[in-house]
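Copied over from TrEMBL:
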- 1-374: domain 'Amino acid transporter transmembrane' (DOMAIN)
- 20-42: transmembrane segment (TRANSMEM)
- 75-94: transmembrane segment (TRANSMEM)
- 114-131: transmembrane segment (TRANSMEM)
- 143-165: transmembrane segment (TRANSMEM)
- 177-197: transmembrane segment (TRANSMEM)
- 209-233: transmembrane segment (TRANSMEM)
- 253-280: transmembrane segment (TRANSMEM)
- 292-312: transmembrane segment (TRANSMEM)
- 318-338: transmembrane segment (TRANSMEM)
- 358-378: transmembrane segment (TRANSMEM)
């Protein structure tokens, strides 16, 4: 449940009843692509038993592109993953600066300076070496997020006397609808982390069951939250729903969101540095395996995210463009393509149709997002 959840009521404003259907459909599709991605890690042995022969997204890509080049698929996947993870880290820094400037408007400090202050609190990230520390921070992040959602929904329930289903739109503007599609779909994405997660489970056989339940509860929470918030504010719903709250609650929730953003940063940061470190240290280069090199790499990544957050103009549009390419590729395009490539002979006709449909849908979502983002950038740059 990422920060994207706070944009779901705004997505409903632009998509109406179809938005509710999209929240449910996205949960089902993302759950499905998660399962087929993990299926690509396994092959049957001579006895017909499934054996885990691959460990990462990169291994799956290399297996699919083996005929063209043994490492081509892995390079494409790694570049895509690192791009998305770095952009996510930058977004957390930008969001932190924005939240601090809104929480303390009387302090004569610019948004960029607040981002630098937030960056200083993230410096200990260079010392993170294991997923255990990241998981504990993610647990705290989930707790903070739960409190934020609870505060917003409690306030909305106090305004239940103002609710009206007439606030829902029947007609929609196509471009606004595409924005809603992007927000809804990308609020579910987790495919980057799934191979590692499944490999670290005590009982990997329970992975599919876990995926079903987590996506079901995510869908219920997103639908309930988006619905209650939209019915409360209707046409006045803002891009980030916390901006609709009364000032005394808004400051409290903004500080909660700031805490969540800072606690969310280590996971994509750790994942990105691990991918790059693994790629560089392959072979017999002992220098690249030293603790000092690892520390330097993490420090460089940390500094890169700050510099990009400080100097990239119109970040939201660039984020939308990158998200449309990398998000759709990692969530829809590549899992369905890899599954078809590796399992074609064993798939039923319906399974093939499902994979092809998901691929086409992912391609259309990606194309539409790219067109909208480029159009926005052209308008901004005149």
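Every residue, even glycine, has its Cβ placed from backbone N, Cα and C.
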Could you tell me whether the transmembrane segment (358-378) and the transmembrane segment (292-312) have 3+ CB pairs under 8 A, leaving out pairs under 6 positions apart?
no
Run the contact check on the transmembrane segment (358-378) against the transmembrane segment (75-94): 3 or more C-beta pairs under 8 Å, excluding pairs closer than 6 in sequence.
no
Going along the chain, which residues at least six beyond the ends of the transmembrane segment (253-280) come within the CB cut-off of under 8 Å?
2-3, 6, 58, 78, 81-82, 85-86, 88-89, 92-93, 95-96, 99-100, 102-103, 118, 121-122, 125, 128, 131, 133-134, 137-138, 140-141, 144-145, 147-148, 151-152, 192-193, 242, 245, 288, 294, 297-298, 301-302, 305
At a Cβ cut-off of 8 Å, and with pairs 6 or more apart in sequence only, do we get at least 3 pairs between the transmembrane segment (209-233) and the transmembrane segment (114-131), yes or no?
no
Other parts of the chain folded back onto the transmembrane segment (20-42), taken as Cβ under 8 Å at six or more residues beyond its ends:
8, 12, 50-55, 57, 59-60, 63, 180-181, 184-185, 187-191, 194-195, 198, 207-208, 211-212, 215-216, 218-219, 222-223, 226-227, 331-332, 335-336, 338-339, 342-343, 354-355, 358, 361
